[in-house]
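S.K.: Just passing along the structure, written as structure tokens.
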Amino acid sequence: MQFIDQAIIDVKAGSGGDGISAFRREKYVPAGGPAGGDGGQGGNVVLEADDNLQTLLDFKFQKLISAENGQRGGPNKCTGASGKDTVLKVPCGTEVRHLSTNIILGDLTNKGQQLIVAFGGKGGFGNARYLSNSNRAPEKFTEGKVGEEWSLQLELKLLAEVGIIGLPNAGKSTLISVLSSARPKIADYPFTTLIPNLGVVRRPSGDGTVFADIPGLISGASKGIGLGHDFLRHIERTKVLLHLIDSASTDPINDFKTINEELTSYGHGLISRPRIFVLNKKELLNENEIKKLLNKIEKMTMKKVHIISAVTKFGLDDLLSSIWNELGY
């Protein structure tokens, strides 16, 4: 399935039904009064979070979404039927904004959570509403109100507790595939991963924690270079960042600095997010090389740096223990 995490849609709520002018015409009611009914309420356009959806693909070509109009009023003071609401299912983690003002209308993070994004118009009044002591036979009635119509920006931000970040080819996809049942595309060249991958990693209690492998972070990603800018939003909701460094790259220290710079430039508090630092690909270095690199990065981070091999699974148990501890599990 194609991964689409942004969409622009137009929504139009239903208009209210018109009220009517009518009078009682029963044979034995010679002074029949006004009996025109009110129009029905227009239907709303509603978004609902659905945890079975993972993409906004359904909205890529579905541009105008409308709800039903209310029905006009009837005689004998009968109110017209209300228009049906249109309920649209979106993935959990969908943020909704007004396109013109950029104002956030809501953030649908929980299964079943609903958000009315366009309210239906109110029904018009029938002439029965205007009966008074001074006017016993009013003919006045009103039309229904027009339903709201907006252009909306939908933006999906994945719901993961742990975000795996690092330069292309740092081993993020291999790590998430080893830790979970996720099966991302893996190969020995940059940008193998073109979309975020989610994997559920089991805690000792048996419960699952969602990890996200974020692709495409390179120098300048926060400014729109490469793929990273499109996907940095997916780590905004994470509680912990797993910063993966390729220990066998040409310049691991510079790689580390590059990711730091991108997190700082992007903002949204990512640089201050709890982070666990990991040197991957231990199997490609000798003990002396890995020790020197470890010392350099620990001096820069002032924190423990984990040494692992996602391929041989060395150090993964210790790494997971640190993750669970950071999450408070």
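Backbone N, Cα and C atoms are what each Cβ position is placed from, and that goes for glycine too.
Because the structure is a prediction, the values reported are computed rather than measured.
Pulled the feature table from Swiss-Prot, pasting it below:
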{"type": "DOMAIN", "residues": "1-159", "note": "domain 'Obg'"}
{"type": "DOMAIN", "residues": "160-328", "note": "domain 'OBG-type G'"}
{"type": "BINDING", "residues": "166-173, 191-195, 213-216, 280-283, 309-311", "note": "ATP binding site"}
{"type": "BINDING", "residues": "S173, T193", "note": "Mg(2+) binding site"}
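Structural setting of the listed features?
M.R.: In the predicted model, residues of the domain 'Obg' (1-159) average a pLDDT of 92.
In this structure, P215 (ATP binding site) belongs to neither helix nor strand by DSSP; it is coil.
DSSP assigns S173 (Mg(2+) binding site) to a helix in the three-state reduction. Of all the Cβ atoms in the protein chains shown, 23 others lie within 10 Å of the Cβ of S173 (Mg(2+) binding site).
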S.K.: Going by DSSP, is G166 (ATP binding site) sitting in a helix, a strand, or coil?
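M.R.: DSSP assigns G166 (ATP binding site) to coil.
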S.K.: To the nearest Å, how far is the Cα of K281 (ATP binding site) from the Cα of S173 (Mg(2+) binding site)?
M.R.: 13
S.K.: What subset of the binding-site residues I195, P215, S309 lies within 10 angstroms of S173 (Mg(2+) binding site) at the C-alpha level?
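M.R.: For S173 (Mg(2+) binding site), the binding-site residues whose Cα atoms are within 10 Å come to P215.
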